[in-house]
Amino acid sequence: MKEFIKYLEKNILKEEDIGFKEAMKLSKCEEVGDIKQLCHSADNIRDFFCGVEVDLCTIMNAKSGRCTEDCKFCAQSGHYKTNVENYELVSKEEALKLARENENEGVNRFSLVTSGKGIRGKDFEKVLDIYKELNKENRIDLCASLGILEYEDLIRLKQCGVTMYHHNLETSREYYKEICTTHSYDERIDTINAVKKAGLQVCSGGIIGLGESFEDRVRLAFQLKELEAKSIPINVLNPVKGTPLESAPKLSQNEILKTIAIFRFVNSKAFIRLAGGRNLIDGFGENCFYAGANATITGNYLTTSGNKICDDKKMINKLKLKIRKNVHKEKKMF
């Protein structure tokens with residue numbers, strides 16, 4: 001298996017794409033030595049295509065709870081009884097304050113995240129107003145995660161300074177119906193295609209530990225490659241009491257590392273981003289940066305606590321990596 005892994009690494013470094021069957025063979029790694037080689041090769045691929053820079057992003061839970069959708073993993077779904085805090089859209093002042101604090105800490109990206117299938121009406125207009133002000137007052141790169149949107153809405157976001165749009169596929173097409181029934185996989189794909197058409201970068205990934213097979217993860221990795229995802233957040237399920245997945249079994253550390261490494265093999269040039277559930281990974285995912293990861297959400301997540309920005313910066317320095325410098329383009333002033 002080690003020689004096969006090295007063979008694939010060599011081909012990828014020559015910009016030859018890995019095939020689905022080859023990726024599936026990598027998923028069969030079980031011996032400790034094979035997993036170490038898989039991670040080492042993924043790290044080499046990361047270094048070759050992406051260098052030593054780590055992309056840091058932060059998110060703000062800008063509207064929480066009462067979601068109409070039935071995603072089985074989600075604390076914010078109105079279908080389940082969880083202890084999540086419910087509140088309407090945050091104020092412009094709150095968003096500006098957090099964005100400024102994060103920018104001062106050296107974070108590259110800042111995103112508003114809202115609950116619900118897709119933000120609409122007056123709330124969408126308010127979000128646009130917030131982004132206009134963020135773009136005017138800050139140098140941090142702006143991202144958005146506002147659910148299923150139309151092309152025209154995405155164009156308006158871009159005009160307000162947003163450069164990347166986040167919309168997870170969550171899992172493979174084949175497994176999706178097991179975790180959500182209130183909207184289709186194709187609606188998510190359509191949103192991502194609209195993101196691309198609008199000229200925004202795509203941030204899309206998924207959650208592992210939903211009960212999916214490794215084949216589902218590999219299928220997701222290839223789907224994201226097809227969609228040209230620039231940033232691929234990988235979440236580890238953090239089971240929430242009151243949701244259908246509250247008793248989901250915990251993933252092993254090796255399974256998490258294997259998943260991240262294979263995503264790097266398939267998506268050699270993307271930001272492979274540690275996201276929710278980092279607290280379930282040893283050392284808040286430190287070893288993942290030796291397995292192909294080169295980005296992370298830092299600070300708190302939507303409904304759970306994350307790692308402090310200062311601690312992530314220390315970890316990145318310890319690993320002899322560098323925080324990516326902000327490359328925000330000349331902004332249009334409003």
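Backbone N, Cα and C define each Cβ position, glycine as well.
Together with Ser111, Cys143, Arg273, the [2Fe-2S] cluster site in Swiss-Prot holds one more listed residue from Cys67, Cys71, Cys203, which is Cys203. For the domain 'Radical SAM core' (49-278), the model's average pLDDT works out to 95.
The secondary structure of Cys71 ([4Fe-4S] cluster binding site), as reduced to three states from DSSP, is coil rather than helix or strand.
Excluding Ser111, Cys143, Cys203, Arg273, which define the [2Fe-2S] cluster site, the same chain contributes Cys57, Ile59, Arg109, Ser145, Met164, His166, Ser231, Pro233, Ile297 within 8 Å (Cβ to the Cβ centroid), listed in sequence order.
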